[in-house]
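Okay, so here's the structure we're looking at.
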């Protein structure tokens, strides 16, 4: 049995972000040009296996215990005892990938709590075009079989092509997880494996919302409806959604974990994900009745109330009409009245598809835009509006609404612009094995005042203290995504996505969906420094008292070394009892000398020390001004305001880097680190200004100049 050794080359940090942006500009990540997940190329790997006469084994998701899980399905769990990884060709003499097209009965739940995923897969079978975006044509256990398959999934704004081998978890010769009702089709089991791979393990799929899988199969965006507060036109909404090819799922909420997957007296499963597969009207006793068709991934547990498979209501429906609805017994699919649907279920999810997924000129297409962002402790993770001191540091996005809705779209007489906002946190399932789960997330929308219109600047704390939000996410909740349909008058608005509490880190995707065109942009400050012209005094112009002080400090050589500078600064700072500091380190002082040393001798002369001295005095004034709680140190967020007061405007990425480099583990910034940061910033800006001879904001270095500058900066 072959093992295909995959050795992808990874970029890290800033270089990874640059490479990702270049890939996006080249069109990578679109469905027609999907990114090869983990660098694995399906066609090349398959061709290599066929050429060598071996079957593929995926070292990126190997048939070992950690691929199953980390706790309930971990290496020492009794639930994984006896599991063996086998290929379908070892289980059956004639396994099939798909027989007569993919159908809803191909999906039956196994021992994994991923009914939410299987409900989405069942809905996927209703639309052949969408199905084969996820499950590419041309895969088989017969012609060209090499033990390798591939699937395409949408992952946080981009499509990825995921390769898997066909080694599946089995126990006693049967599949442990998803399987087909007939037992001889394996496309759904292999799709489940691909989904487990991108999420880190099978166990990572346990528990979730159908909307997650809906979106990962389509790139669409999901809306939620509380069926206890259902709008009066919900049945029409469902009909239109099905007509548009949307994917629908529903469930019954539970209030106690002991109720999870408990069966009601009418045979519905609590906390279990169902897919909505159709909606029709039938004539019953002379009246039209609204019906909903449901699918239970378990297969055999079906609704036993009115309009169930063997209920008497069907006897009073015209046989032709009954045949059109294809009522079958015990196949996991059943009909129920819309009235009972509202009464029995508590939540409905509708995944609206994007224009590229719909591929139809007859349907109204969405205008879509998305942005990727991060929340980082101390710089961009400000928490929700309950934390006014830090809320303003969150990433901000502007949306410009110009075209109002068509008059017949809404009942309201007031004109307005409708759009859908969706905030998604990234990679949280994959991080479950490290003890991290979903953060509580949401967003707020603010109207931009007329005097600030058109300005692409990050709004500061005072704005949010003085202005209330115009809209917000309905809840802050620990789901992968929160979304809301919002309607506002034309104008400019600021969207602020956040975690509920400050300093909760994560990556996110913010998506805008609108039926009318709307302008969007990410807000960030432009990098600039408002520095006064540097006035360099000659030795004769320097105050005599300062010369006397310098003579005492410098010694016989009349220059201050790195060690002498450390002694001087720490002696001075120790007299300021209101400052929290560990003192200037030798490395910090070496950095200051390197940055201020103009003649390159590694020491500071009278003029050089005079410049540094005056700067430190100015920095002390700023530090005390922005140490708002008089703790002797600044918080990371106070640091951001202090940097701006010192004349520097930086974008959020630079603020992230500064906090990473200059703050303590508790995100406090001591005076010594504050000084080092500002000295470095000012010197680097001045270096750049000198080197930017064309004044075009671009400087070109050869390798020597680059190393010379960066090694001693």
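From the backbone N, Cα and C atoms, a Cβ is placed for every residue, glycine too.
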(message) Suppose you had to name the range Swiss-Prot annotates as region 'Linker'; which of 334-349, 526-541 would you pick?
(response) 526-541
(request) Anything within 10 Å of residue 631 (Ca(2+) 2 binding site)? Look among the recorded positions 272, 296, 354, 597, comparing CA atoms, and list what you find. (result) none
(request) Around the Cβ of residue 296 (active site), how many other Cβ atoms lie within 10 Å? Please give the count over every shown protein chain. (result) 26
(request) Anything within 10 Å of residue 638 (Ca(2+) 2 binding site)? Look among the recorded positions 115, 296, 354, 597, 601, 608, comparing CA atoms, and list what you find. (result) none
(message) Tell me the Cα distance separating residue 633 (Ca(2+) 2 binding site) from residue 601 (Ca(2+) 1 binding site), rounded to the nearest angstrom.
(response) 34
(message) Around the Ca(2+) 2 site formed by 627, 629, 631, 633, 638, list the extra residues of the same chain whose Cβ is within 8 Å of the site's Cβ centroid.
(response) 626, 628, 630, 632, 634, 635, 668
(message) Let me make sure I understand the structure: which of the binding-site residues listed (608, 638) has the fewest other Cβ atoms within 10 A of its Cβ?
(response) 608
(request) Please work out which residue of 597, 599, 627, 629 has the most C-beta neighbours within 10 angstroms of its C-beta, and give that one of the binding-site residues. (result) 627
